[in-house]
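Worksheet for the structure shown next.
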Amino acid sequence: MDTTITTPLILILITCGANSQTVKPDTASESDQPTWSNPLFTYPEGCTLDKLSKVNASQLRCPRIFDDENRGLIAYPTSIRSLSVGNDLGDIHTQGNHIHKVLYRTICSTGFFGGQTIEKALVEMKLSTKEAGAYDTTTAAALYFPAPRCQWYTDNVQNDLIFYYTTQKSVLRDPYTRDFLDSDFIGGKCTKSPCQTHWSNVVWMGDAGIPACDSSQEIKGHLFVDKISNRVVKATSYGHHPWGLHQACMIEFCGKQWIRTDLGDLISVEYNSGAEILSFPKCEDKTVGMRGNLDDFAYLDDLVKASESREECLEAHAEIISTNSVTPYLLSKFRSPHPGINDVYAMHKGSIYHGMCMTVAVDEVSKDRTTYRAHRATSFTKWERPFGDEWEGFHGLHGNNTTIIPDLEKYVAQYKTSMMEPMSIKSVPHPSILALYNETDVSGISIRKLDSFDLQSLHWSFWPTISALGGIPFALLLAVAACCCWSGRPPTPSASQSIPMYHLANRS
């Protein structure tokens, strides 16, 4: 049969199978793409330290693996307008700061003969979102503990200073709802700045961001059609995971009609030089937002397949949790094979860091592995390393003179064993004590919660009681007793109304 007759017939059937309008691309643009494979490697770009947060091992999430098998599909060049991502994405993060309210406390306990015990503590001071912008703030470098204020034969004499200070923190912004997304927020997202975090004394404040209605852009891509069922399957463009169209529907947003894809992205698809627009039935609900970004298992369909690489990642996750340690090789299992906005991870000095950043496809790695060439780039670039040194990068990449890439190393006969060296994972510290890490006397300092009682109630003294009970003779008698019984006493414990320790590791 003449192909000039069969092709229009096949494309007309697409409308019936996918409940969309008639699709009639130019037959001259048809191209069969049987093997559109994943790139060998992906790597973050522009993922600086202020976009990362320390996380517990339980918060690691394996990447989605999208089915990029295109056998049996026909690809048609098309124009795609997306509200979320494109080839020239720009800044996907919103700049901001964590605002901390912390009481710096110095505690002095003095014995009868003048011996002193000095303690230092940080105390959470509850900070509301309304209060966050009401006071002038300083920087972490300007913080200090007050000088001790000691009294003879008195325990737990406190000298307090309250500071409001900021630390830089950028977060991802939902391009549709303009919600702020970050693991530091309660529930993983915040609707309006200032935003409350998991810590009662820390609030995030940032810019409003760019309205979604003004951020759409047109990119080039392909529309894939199943040869047998004649259904529209997906749309693709470099720099994004495939847009699944199995359960696509039409929804109104910003005064325009958009295709809501299987994972919630909003796109529009034009073909035949913009003469035709792809459409679907109306959505039954009006939900708009980046579905699935906060929970890896929030939305699963047949675009996400149970693949070998995903199983390897789940096994790596189980090993990390059971041993409370991580190696560069295990961390490499959490790298997404798809370019675009992805969860990224790094390991550094006992901590695992997480962020959501743009990743690019790597087409070529230099022979010494110190640089790479991104897809469509003409020059080589050094690997980004967020911690300011030349050792640790993202997803297990490490090394000084020779860069070790676990994804490549596992294929060679003489692999570098450094990718198997474990790092014990520390509990995630409270963010308000990070400023103290450069001090030398901070081993006993930790963050504490503030109880409801008056801070001054911890001040107590024997001296008024001594004076009232008989003056000098009683004082001498008390001195003899102190010599006999108290000279070798251990360090004075905290008062009975002690402030409970704050353990961030309990956070899920």
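Here the Cβ of each residue, glycine as well, is placed from N, Cα and C on the backbone.
For Asn56 (N-linked glycosylation site), the number of other Cβ atoms no farther than 10 Å from its own Cβ, over all displayed protein chains, is 21. Taken from Swiss-Prot, the feature N-linked glycosylation site covers Asn56 (among others), and the record attributes it to sequence analysis.
Contacts of Asn400 (N-linked glycosylation site) defined by a Cβ separation under 8 A and a same-chain sequence distance of 6+ are given as Glu390, Trp391, in order along the sequence. Feature annotation from Swiss-Prot assigns N-linked glycosylation site to Asn400 (among others).
Sequence annotations record features per position, and here Swiss-Prot assigns N-linked glycosylation site to Asn401 (among others). Applying an 8 A CB threshold to same-chain residues 6 or more apart, the list for Asn401 (N-linked glycosylation site) is empty.
If you look up Swiss-Prot, you'll see Asn438 (among others) marked as N-linked glycosylation site.
What Swiss-Prot lists as signal peptide is 1-20, and the listing cites sequence analysis.
According to Swiss-Prot, the topological domain 'Virion surface' annotation covers 21-461.
If you look up Swiss-Prot, you'll see 483-508 marked as topological domain 'Intravirion'. Mean pLDDT of the predicted structure over the topological domain 'Intravirion' (483-508): 40.
Swiss-Prot lists 462-482 with the feature transmembrane segment.
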